[in-house]
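Enquirer: Structure in structure tokens, see below.
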Amino acid sequence: MQLSRWLFSTNHKDIGTLYLIFGAWAGMVGTAMSVIIRAELAQPGSLLNDDQIYNVVVTAHALVMIFFMVMPIMIGGFGNWLIPLMIGAPDMAFPRMNNMSFWLIPPSFILLLASAGVESGAGTGWTIYPPLSSNIAHAGGSVDLAIFSLHLAGASSILASINFITTIINMRTPGMSFDRLPLFVWSVFVTAFLLLLSLPVLAGAITMLLTDRNINTTFFDPAGGGDPILFQHLFWFFGHPEVYILILPGFGMISHVIAHYSGKREPFGYLGMVYAMIAIGVLGFLVWAHHMFTVGMDVDTRAYFTAATMIIAVPTGIKVFSWMATLQGSNLQWETPLLWALGFVFLFTLGGLTGIVLANSSIDVVLHDTYYVVAHFHYVLSMGAVFAIFAGFTHWFPLFCGYNLHPLWGKAHFFMMFVGVNLTFFPQHFLGLAGMPRRYSDYPDAYTLWNTVSSIGSTISLVAMLFFIFLIWEAFASQREGVTPEFANASLEWQYNSFPPSHHTFDETPSTVVIVK
């Protein structure tokens, strides 16, 4: 009975739980890989004694964190759990397709780990650029397995996106018009469109790479009239929207958390927040070549991509200042989720500022492929997306489980993590400005100090992760009853009559839900 409940589930809460548990496991795998990277770089000289293995670990770390940690947790976990509850729907529009979306992910994960484990592994970086990923530089099955892994993960995301879009358009409760949709629902709605439009391009690119490797096509081989730069354009046309896919649901969750602990019914400038997310989604498709400033583009092309990239800072700024306006003058409840949200706003903004620096093509030519870029995207991912996940998890944990996390130890975990990630990634700005390149397993002695500091920071983050596992155990062991949060009157997900809401949210489909604004 239990086996069929979890294997053949058509229930959005069960599938959301599966996604959250899977994402937690994948997150531990990805964290372990990052600790291997930082152990190698903790001091000059070699630990692994093999640059290929080092690059395999770097590649797997990136792909695991993106496709098997952030996306399953944010979109699959929080999306499945919260969106039907927030819009007053009995479940998702296509419950069985929802189940398939989840069960495509573990085989995809196994294929990725297999790609790292067979032959000499895929040491291409997560971008899989040819000719390094061609059958000459990477003979054997590793890259092919990675390609199949991405195909499965992509198929899963496309199915999930269709499901979310259909659910949000068709299954809102009466009175829940689009201009009253909770911001998290809006964020997943926009994210689903980004996935739907960008993933097929990635699928095309990696399929062409597969045929280049195995049946002698020359899409990316100049010898047959192909061009490796074509792959970069296709990949980044997916890859740039992808980074917004990773952060947009986080924006939605942070909006809920900040409004909630400010004692507000909604964030400041609700409609502006919605338009800002849509604008970020649209602009995200128009800036992909800023990842390619060093491949030799015309100066006018570079001018366009520099300008377009900087324009994205405008809607992002609207969001940041609206969050700050929500906090302004309110009686804050200093609980753990708010700490994560404030940490998010501060550190995401810092990461955004280094992004503005990198948008300048003339500067980027110097900083491209240095640790400055690594520092930039880890500030927006490791302290943006991950902090948003922790904010959302600590906020909605009572809703999901009916129990409360330990309030004091939850705060302790936040401060431990805050120190760890900042100590890890802030020094990398210095390394990048000093010219230390990415994806190398060793470095000149001059870079020793900040690498050592960075590796100490990663050890602190590792301890924080172990402490978080203990926190979850402690919550289930102590069984402190969850109570309706004080300011939950504006959020539909807290209005159901039990924590967690019953397996089937409604005994009968509700006819009306009155929403007072």
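Backbone N, Cα and C define each Cβ position, glycine as well.
Pulled these from Swiss-Prot:
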type: BINDING; residues: E40, G45; note: Ca(2+) binding site
type: BINDING; residues: H61, H378; note: Fe(II)-heme a binding site
type: BINDING; residues: H240, H290, H291; note: Cu cation binding site
type: BINDING; residues: Y244; note: O2 binding site
type: BINDING; residues: H368, D369; note: Mg(2+) binding site
type: BINDING; residues: H376; note: heme a3 binding site
type: TRANSMEM; residues: 17-37; note: transmembrane segment
type: TRANSMEM; residues: 63-83; note: transmembrane segment
type: TRANSMEM; residues: 102-122; note: transmembrane segment
type: TRANSMEM; residues: 145-165; note: transmembrane segment
type: TRANSMEM; residues: 183-203; note: transmembrane segment
type: TRANSMEM; residues: 234-254; note: transmembrane segment
type: TRANSMEM; residues: 268-288; note: transmembrane segment
type: TRANSMEM; residues: 305-325; note: transmembrane segment
type: TRANSMEM; residues: 338-358; note: transmembrane segment
type: TRANSMEM; residues: 380-400; note: transmembrane segment
type: TRANSMEM; residues: 414-434; note: transmembrane segment
type: TRANSMEM; residues: 456-476; note: transmembrane segment
Enquirer: Using only C-alpha positions, which one of E40, Y244, H290, H378 is spatially nearest H368 (Mg(2+) binding site)? These are the binding-site residues in the record.
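Expert: For H368 (Mg(2+) binding site), the closest Cα among E40, Y244, H290, H378 is found at H290.
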Enquirer: Within 10 angstroms of the C-beta of D369 (Mg(2+) binding site), what count of other C-beta atoms is obtained when all protein chains are considered?
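Expert: Excluding its own Cβ, D369 (Mg(2+) binding site) sees 15 Cβ atoms within 10 Å.
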Enquirer: What is the separation, in Å, between the Cα atoms of D369 (Mg(2+) binding site) and H291 (Cu cation binding site)?
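Expert: Between the Cα atoms of D369 (Mg(2+) binding site) and H291 (Cu cation binding site), the distance comes to 10 Å.
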Enquirer: Quickly jot the same-chain residues contacting the transmembrane segment (414-434) by Cβ under 8 Å, restricted to those at least six beyond its ends, or write none.
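Expert: Answer is 38, 336, 339-340, 343, 347, 354, 367, 370-375, 378-379, 382-383, 386, 390, 446-447, 450-451, 453-464, 467-468.
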Enquirer: Quick test of the contact rule: Cβ under 8 Å, at least six residues beyond the ends. What residues does that give for the transmembrane segment (268-288)?
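Expert: Cβ under 8 Å, 6 or more out: 179, 181, 183, 186-187, 190-191, 193-194, 197-198, 233, 236-237, 239-241, 243-244, 248, 251-252, 255, 305, 308-309, 311-312, 314-316, 318-319, 322-323, 325-326, 328.
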Enquirer: Who are the long-range neighbours of the transmembrane segment (17-37) in its own chain, taking Cβ under 8 Å and residues 6 or more past its ends?
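Expert: For the transmembrane segment (17-37), the sequence-distant neighbours (Cβ-Cβ under 8 Å, at least 6 residues beyond its ends) are 6, 9, 48, 54, 57-58, 60-61, 64-65, 68-70, 72-73, 76-78, 80-81, 102, 105-106, 109, 113, 400, 458-459, 461-462, 465.
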Enquirer: Which stretch, 63-83, 145-165, 380-400, tops the Cβ pairs under 8 Å count with the transmembrane segment (102-122)?
Expert: 145-165
Enquirer: Counting across all protein chains shown, how many other Cβ atoms sit within 10 Å of the Cβ of H368 (Mg(2+) binding site)?
Expert: 19
Enquirer: Does the transmembrane segment (183-203) make contact with the transmembrane segment (63-83) through 3 or more Cβ pairs under 8 Å, each pair 6 or more apart in sequence?
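Expert: With 3 or more qualifying Cβ pairs, these stretches touch.
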Enquirer: Can you list the residues of the same chain, besides H240, H290, H291, whose Cβ falls within 8 Å of the Cu cation site's Cβ centroid?
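Expert: My list of surrounding residues reads W236, G239, V287, W288, A289, M292, F305, T309.
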Enquirer: Measuring CB to CB from H378 (Fe(II)-heme a binding site), give everything in the same chain under 8 Å that is also at least six residues away in sequence.
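Expert: Set apart from H378 (Fe(II)-heme a binding site) by at least 6 residues yet with Cβ under 8 Å, we have G351, V421, T424, F425, Q428.
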Enquirer: For the transmembrane segment (145-165), could you work out the same-chain residues 6 or more beyond its ends whose Cβ comes under 8 Å from its Cβ atoms?
Expert: 59, 63, 67-68, 71, 75-76, 79, 83, 92-94, 97-98, 100-102, 104-105, 107-109, 111-112, 114-115, 118, 122, 124, 128, 188-189, 191-193, 195-196, 199-200, 202-203, 206-207, 209-210
